[in-house]
Amino acid sequence: LGLLYQEYRDKSTRQEIETRRLQDSQTDPEESSPSDETPSEAEPTSTTESKAPPQISLLRNSNSRFNLWQDLPEIRSSGVLSILQPDEIKLQEAMFELVTSEASYYKSLNLLVSHFMENERLKKILHQSEAHILFSNVLDVMAVSERFLLDLEQRVEENIVISDVCDIVYQHTVNHFSVYITYVSNQTYQERAYKQLLQDKPAFREVISQLELDPKCKGLSFSSFLILPFQRITRLKLLVQNILKKVEEKSDRETTALDAHKELETVVKACNEGVRKMSRTEQMISIQKKLEFKIKSVPIISHSRWLLKQGELQQMNGPKTSRTLRTKKLFREIYLFLFNDLLVICRQIPGDKYQVFDSAPRGLLRVEELEDQGQSLANVFILRLLENADDREASYMLKASSQSEMKRWMISLAPNRRTKFVSFTSRLVDCPQIQCVHPYVAQQPDELSLELADVLNILDKTDDGWIFGERLHDQERGWFPSSMGEEILNPKIRAQNLKECFRVHKSDDSQRRKLGSRNRQ
């Protein structure tokens, strides 16, 4: 409990990475020990705080040096370890981590409030509206975490063998976790306000720097505390997934875990949509202002439309027979804005403007890769518009700056086009996989942000160091640098990852089957 959540989370995910590395190097994944398979906190350190978070009774000794449920003195002295099956011990560890990580999370939230939000110097510097944007409803989030933690603690106190925690997760997610949606949806405003305050108010910058240097913060930044709620709600879903993988099939505990996971997934999706909606609306307004239509005008701004990819490509001039021309005469620059339902083709004009000369619905786009025919035609592909702005078919021969850029455009333009490897949703027995060993923040709309220990199916890869992947725990797709991960080479581990993923999402599958049956009727 001495760890702040940022430290706890980092140690836990790194332990998860090391465990997977160990399993990947073994012939049989079952060879690894129960303690190896459970991500756990590092050794706690004792800290002193003005306001102590709720204490889990089993962990009241702040100087204790255990990491796992099975290392608790009460557990060791009870003799229960000699009675329980190894699978049940793994399950106990998974449930125990959910409890202890919530305690660590509450500790960090408490520090955000007591050390930063309630600091008198900071209160005098910030206007009430600025403080509201910066801290949002963090008091509500902390109150929800405290109530949740106390219920978890009560369950742990009932019996040294934890009966279940997912029923508690379910109840709190349904009844209380909407506060996370409010907090996370404010993230765009929060980030902007923080940057503006750092820039415009030297006094604010000075106080924040001094507060960050306090030993309580353990070298962690103020911004790392602000993003805690979003990190926690996402991590909580993964912790429930970890429990779900370990409960006995067709049991009551599996049912509660599936129910809890489903509700958490709903909250996480609502959080993601809240963040995206704000940034997407502003982005669409900005793009609309830059476009000038040479053809019949197309309304750009729509509540159901967002940008997928934009950028410059080289268009080949004249018919295909012009390939014999010199390179400098062969291509001219065009600029593409690709939305989820529309492609707009432009030429850049002075004043940071773009003149639109063609467009087509995204569903009427087809792409075809040209085989390498020399340097001038490297990374060239054909884009066909089955019905363009003039209601006719049109073709463009386009050249990208690199192989990865070409593939990224082709997959974005025609998402149903078959990739090099088959995706998770195809239920393929084996597929290349990679685990994230370095976090990555997406720089472009078609990229995927990665967290440590994420496992992804590799759908495509390029020779210049990019991977198109599908994350197993949420089926989100996108591009990321191959240097961010390590490929999982053991086919048994890959099969095990897929099997666990199918199990986690089987409630989604049954729901889809019900809907499909209803639609056919």
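We number each residue from 1, going along the chain as drawn.
Every residue gets a Cβ built from N, Cα and C, even glycine.
As written in TrEMBL, here are the features:
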type	residues	note
COMPBIAS	9-23	compositional bias 'Basic and acidic residues'
COMPBIAS	27-40	compositional bias 'Acidic residues'
COMPBIAS	41-50	compositional bias 'Low complexity'
DOMAIN	90-274	domain 'DH'
DOMAIN	306-418	domain 'PH'
DOMAIN	429-490	domain 'SH3'
REGION	9-55	region 'Disordered'
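Look at the compositional bias 'Basic and acidic residues' (9-23): DSSP puts its residues at 15 helix, 0 strand, 0 coil. Residues of the domain 'SH3' (429-490) grouped by DSSP class, helix first, strand second and coil last, total 3 helix, 29 strand, 30 coil. In the predicted model, residues of the domain 'SH3' (429-490) average a pLDDT of 93. DSSP labels the residues of the domain 'PH' (306-418) in these numbers: 26 helix, 53 strand, 34 coil.
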